[in-house]
Amino acid sequence: MSALRIWLMQALLIFLTTESIGQLVEPCGYIYPEFPVVQRGSNFTATCVLKEKCLQVYSVNATYIVWKTNHVAVPKEQVTVINRTASSVTFTDVVFQNVQLTCNILSFGQIEQNVYGITILSGYPPDIPTNLSCIVNEGKNMLCQLDPGRETYLETNYTLKSEWATEKFPDCRTKHGTSSCMMGYTPIYFVNIEVWVEAENALGNVSSEPINFDPVDKVKPSPPHNLSVTNSEELSSILKLAWVNSGLDSILRLKSDIQYRTKDASTWIQVPLEDTVSPRTSFTVQDLKPFTEYVFRIRSIKENGKGYWSDWSEEASGTTYEDRPSKAPSFWYKVNANHPQEYRSARLIWKTLPLSEANGKILDYEVVLTQSKSVSQTYTVNGTELIVNLTNNRYVASLAARNVVGKSPATVLTIPGSHFKASHPVVDLKAFPKDNLLWVEWTPPSKPVNKYILEWCVLSENSPCIPDWQQEDGTVNRTHLRGSLLESKCYLITVTPVFPGGPGSPESMKAYLKQAAPSKGPTVRTKKVGKNEAVLEWDHLPVDVQNGFIRNYSISYRTSVGKEMVVRVDSSHTEYTLSSLSSDTLYMVHMAAYTEEGGKDGPEFTFTTLKFAQGEIEAIVVPVCLAFLLTTLLGVLFCFNKRDLIKKHIWPNVPDPSKSHIAQWSPHTPPRHNFNSKDQMYSDANFTDVSVVEIEANNKKPCPDDLKSLDLFKKEKISTEGHSSGIGGSSCMSSSRPSISSSEENESAQSTASTVQYSTVVHSGYRHQVPSVQVFSRSESTQPLLDSEERPEDLQLVDSVDSGDEILPRQQYFKQSCSQPGASPDVSHFGRSSQVPSGSEEDFVRLKQQQVSDHISEPYGSEQRRLFQEGSVADALGTGTDGQIERFESVGMETAMDEDISKSYLPQTVRQGGYMPQ
C-alpha cells in the first residue's frame, strides 16, 4: 500500500511540473498589493487570491495556503482565511526591509507549491532638506550643498532648482547619499539668484525653503601665489613678505590673512587681522628672533568679509639676521683633588647656547679667571670645557659667548678655596615622572640663591656614571630634566644651590622616567637549615636589572606534593626565616622581586630540613653518657666499699708457702732426702708432667688395677680429710693426694691448664711407687695459705695421725692404659703398673655414690676432693669389651713422701708448658 502511494505521488509531481511549465504565464493566484512600500513602524496586510482553475486541479482551497517570509513560515496567528479562494496575512510594526513574501499551497494536502511572491520594501519619506548653501569658486561653476536629513532606506531623488526673476536654470539632480551638486552654468555677479531643493521617494516628496543671494557674495578667490621672504641686515627681528593676489583683485577688493611659525614649531602664529585689513601685496613681520628661520603662509577674502576665504598659499620660509647672544651660557666646574696639595685641577664646563639665545653662529667662548686682586687670565676656547691648574686660593671665573655681531652677557662663577666647607642644601628634594618627563622639585634654602645646578647620570654596575647637567635660575624650585632620558634606567639626580660666595651642599636622590618589571629575579640560598626552620638569604638585585624601585619580595616554597606557600618580605631585607617546616623534608623555593609595574621570578632552589634539631642529639646522648658514667662511678664506689667481699669470691686468699707454719707441726721429722730445693730442682732439665684425664666414650669396663685401688682410696680419704688444700676452693682444682709424674716430657708440654697444684700432706707411707728422685721447690707465690691450713684442729689431727699405728697408703695418680690388643703404641706407661682383677660394675656405682655424698657433706675443699675422686675413678676404669683404650692424663704432679718425712706444703714447679706457681 505504501509503495503504491509513493508511485502515485511521483506521478502527480511529474504531472504538476508539466502543467506548471506549460502555464508559467498564467499563475494559479496572485498577491495584492503587488509592489508594496511600507513606512517603518506601520502595519501591513497582504492578500493571496487563488483562481478557480487551481482549486479544481489541485483540489485545494484557501485553507491550504501557507505564507512564508524569506522561506520561513509565518505563524498561523497572523493568517486569516477570508473565503475559499482568499487568505490574508498581517504584519504589525514593520521594521524589516526587502523581505520576500510568498503565497504557497499544499496540493492534495501534501505537496507544497508556490503560487505567487512579492518583495516588501520599508522606509521613511524624505525630510525637508536644510542648510542649503552655495559657493562660487573663482573661474568655476557654482556648487551648492545641503543636509538631506535622516536616512530614508528608500531610493530618494534630490533636485536642485535655481532661477532668476525671469529665467529658470537647468536642474541639478542627485541621489540620496550625496549632499552636494554642481550647477551646470557660471553665475553672473551682482545679480541675485533663487535656489531651492526638492526631495522625493515612494512614500512622499518635500521642498526646502528657497535662498536668494548675489553670487559675488558667495565667491571664493584663488589663493595668493609667488610668496617670498627676505631679511634685513639693519634689523635682526624683521622679515619682509611679498605675494601676488588672485585675478578677482581687479574686480573685488581683497584683504589678506598672514600666519607664521618657527621651522621646528607645530603651531602657527597669527598676524593681527587689523594689520592686513587693507588690500595689499606685501607685509613686514616684526618682533622676530634673530638668526631664526620662520615659515609663512597667506590667504585672502573679499574686503567686506563676505564670501569665503581662499585656500592657503604655498609656504615660504626665511631666516632673520644675526644679533649678539642674548644670554650667557650655563657655567659650572669640577675640581680634581688628586693633584699635589699646592695645586688643584679644575675642569670648567658650559652648555652650548640654543639658537634662540645664541642669535647667530657662536664663534668661540671667552673665559676670564681672577685670583683675588691679582692679574686676570683670559682664555679663548672653541669647545665647551677648559681644564686649568689652580692654587688653593679662591677664584672668580667669567664666561661669555661670541658671534659675528658681538659677545653675550658674562656669567660669573665663584670657585672657593680648598678649605671651603659647603652648606645650606636644598630640602624636600623630590623626583617624579609626569607627561613623559622627569620632574624635579625642591624647597629652596633660606639663603638667597643665584642659580641651581642639576646633575644626573645613569646608575650602572657595568659602566661609570657619566653626568649630564643643566642650570636653572635661582627663582625656580621646579623643573624637568632636559635631555634624552631612557626608560627603565635609574637616574641619580643631584641638586646644588649656587650662592654668591660659592656652591652649597649637594642633595641627591634616585628616580626613574618609567619603571618596568625586573629583568631577572633574585637568587635565594640557605644560610642555616634546621629541623623546622630555614634561614634564607639573597643579594639585592643589581641596579641594571631592577628596572624600577623594588617594592617587595615574595618567597614561594612548597614540598614535592604540598601546597605552595607565599610570604612577602620588605625590599630592605636580605634574609628571611621560614618556620613551621616539616623535618627531613625536601623543599623547593624561589623568590620574585616586584616593582610597581610587575615582578620577575628567580631560579628555583631546593633544600632539605634536618631530621634532628641542633642540640637534640646532644640532649639525648649527653644525659645517657652522664647516666652511664654515674652508674659506672657508683659501681666502682660500690666495688671499692665491698672489695673484701668481692676479693673473697673472686680472688680467695691463697696461703704463702714461704710463710707457712706447716714445718713447725712436726719439727723432729727429718726429710728423707737432703737437698736444696732451689739448687737441685730439676737440675737435669726434666719437668714434671701435668696430664689431663681423658676418658674415651667407648670404654665400658674399668681396668682391674684401677678397681683395685678403690678400697685404698676410701680408707685414705677418711684420714686425710681436712689435711688437703689447693688454691682457692673449687677453682684451684687441687687434689687431696700428692701426684707423681708418670708421663713423658712431650706429654707434659701439651697441658694447658692454668691451675697450680700444691702438695698434699699425707700421714702414711707410700705404698705403690716411689719415684727415684723426689724434688720439691719452694713456691714463689705470695698468696697466703688457706684458712683450713692454719686451723689448730688441723695441727692436732696431724699429730694424732703421726702417732697412729696405721699409715694410710699413698695413692699414685698417673696415666694408665689397659693392656688391650690394638692399643696405641705411642701411649706412655709408667714402669710399674699393678694388675688387679676386673671389678664388677656394682663396685663402680658404689664408688660414684660415695663421691656424691662426699661432695655434698664437705663445703671446704670440695673441689679438691672431687678432682681427687675423679682421678681415683679414672684409675679404677679399665678397658671395655670392644678393645678401645681409655686414656688418662695427669692433672697434677705427685710428690713422693715417706712416712717419716716432715709434712710441709711445697709448690710444684712446672717448666716448658707445665704448671707455674702463682
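Cβ atoms are placed via backbone N, Cα and C, with glycine included.
Because the structure is a prediction, the values reported are computed rather than measured.
Per Swiss-Prot, the residue annotated N-linked glycosylation site among ASN382, ASN746 is ASN382. Given the ranges 38-46, 137-145, 479-487, 650-658, the record in Swiss-Prot names 650-658 as motif 'Box 1 motif'. Swiss-Prot records N-linked glycosylation site for one of ASN389, ASN686, namely ASN389. Matching 154-158, 309-313, 884-888, 904-908 against Swiss-Prot, the residues noted as motif 'WSXWS motif' span 309-313. Between CYS28 and the candidates CYS48, CYS54, Swiss-Prot records a disulfide bond only with CYS54. CYS465 (disulfide bond) falls within neither a helix nor a strand when secondary structure is assigned with DSSP, and so counts as coil.
Of all the disulfide-bonded residues given, namely CYS134, CYS144, CYS181, CYS457, CYS465, none has its Cα within 10 Å of the Cα of CYS28 (disulfide bond). Distant neighbours of the motif 'WSXWS motif' (309-313): 220-225, 227, 243, 246, 257, 297-301; these residues of the same chain sit at least 6 beyond its ends, with a Cβ under 8 Å from one of its Cβ atoms. The average pLDDT the prediction assigns to the domain 'Fibronectin type-III 2' (223-323) is 92. For CYS457 (disulfide bond) paired with CYS103 (disulfide bond), the C-alpha to C-alpha distance reads 85 Å. Taking only the Cα positions, the spacing between CYS181 (disulfide bond) and CYS144 (disulfide bond) is 6 angstrom. Residue counts for the domain 'Fibronectin type-III 2' (223-323) under DSSP (helix as H, G, I; strand as E, B; rest coil) come to 8 helix, 42 strand, 51 coil. In sequence order, the disulfide-bonded residues near CYS54 (disulfide bond) (Cα within 10 Å of its Cα) amount to none of CYS48, CYS144, CYS465. DSSP assigns CYS54 (disulfide bond) to a helix.
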